[in-house]
Amino acid sequence: MKMRIQIFFILSLFSSISFASVQDFCVADPKGPQNPSGYSCKNPDQVTENDFAFSGLGKAGNTSNVIKAAVTPAFAPAFAGLNGLDVSLARLDLAGGGVIPLHTHPGASEVLVVIQGTICAGFISSANKVYLKTLSRGDSMVFPQGLLHFQLNSGKGPALAFVAFGSSSPGLQILPFALFANDLPSELVEATTFLSDEEVKKLKGVLGGTN
Ligand SMILES: *[C@@H]1O[C@H](CO)[C@@H](O)[C@H](O)[C@H]1NC(C)=O
């Protein structure tokens, strides 16, 4: 009996060794084709520790823009090693009065942690219920996948937060940019949002839209 257990143990050890050739990761190859689940895999022989590290989040983003805010992403392919691993990060810098306007990530839920300042954050459910919180240093909030949400600097000084996503390519669509920063004809924007011609033209002027 004891012998049989030993043989079984040795056999199962061998089978786990043969499975060691299973692909552990899929480091992004930005030159290869892309599909909805991410980038193609770099040849594992060419993968190094540098593919699993990223140094872009130590520096504040440039907030001299219309939203007075900057999003610095740590996504694939810049952070090649997280391709396909269902995680990613970004840094949010919000100057005084800065805002990350209403937006959605079609591909991932998001969790935020405030490092500096005060951020008023919220999301709107599919039932149009609003969930709002004022967050200070050390506070976190989660934003469920696909729902419209925002982050607004509601404090006096600058604010800094980091966010993590449950996807290496969460995607981003910013609602005011989708409506007023492209060439969707103003009559259609007005008809589909109930806003006045004057308001739509003003917003297109501010955000760079045409038509
Ligand atoms: C920040 O962006 C503004 C507007 O694009 C630009 O004029 C300015 O030089 C940038 N500042 C830095 C430090 O890169």
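Keep in mind that glycine also has a Cβ here, set from the backbone N, Cα and C atoms.
Given the structure is predicted, the values throughout are model-derived calculations rather than measurements.
Residues annotated as signal peptide in Swiss-Prot: 1-20.
Taking the Cβ of Cys41 (disulfide bond) as reference, residues of its chain lying under 8 Å away and at least six apart in sequence are, in sequence order, Gln23, Phe25, Cys26, Val27, Ala28, Asp29, Gly32, Asn83, Gly84. As annotated by Swiss-Prot, disulfide bond applies to Cys26-Cys41.
Per Swiss-Prot, the feature domain 'Cupin type-1' maps to 55-201; the stated evidence is sequence analysis.
Secondary structure from DSSP puts Asn62 (N-linked glycosylation site) in coil. Annotation for Asn62 (N-linked glycosylation site): same-chain Cβ neighbours under 8 Å, separated by at least 6 residues, are Ala70. Here Swiss-Prot flags Asn62 as N-linked glycosylation site, drawing on sequence analysis.
His103 (Mn(2+) binding site) carries a strand DSSP state (E or B). The Mn(2+) binding site annotation in Swiss-Prot covers His103, His105, Glu110, His149.
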Residue counts (helix, strand, coil, in that order) that DSSP gives for the domain 'Cupin type-1' (55-201):
22 helix, 57 strand, 68 coil
Candidates near ligand 1 among the recorded positions Cys41, Asn62, Glu110, judged by a Cβ under 6 angstroms:
Asn62
Sorted by position, what residues of the same chain at least six away from His103 (Mn(2+) binding site) have a C-beta under 8 A from it?
Leu148, His149, Phe150, Leu172, Gln173, Ile174, Leu175
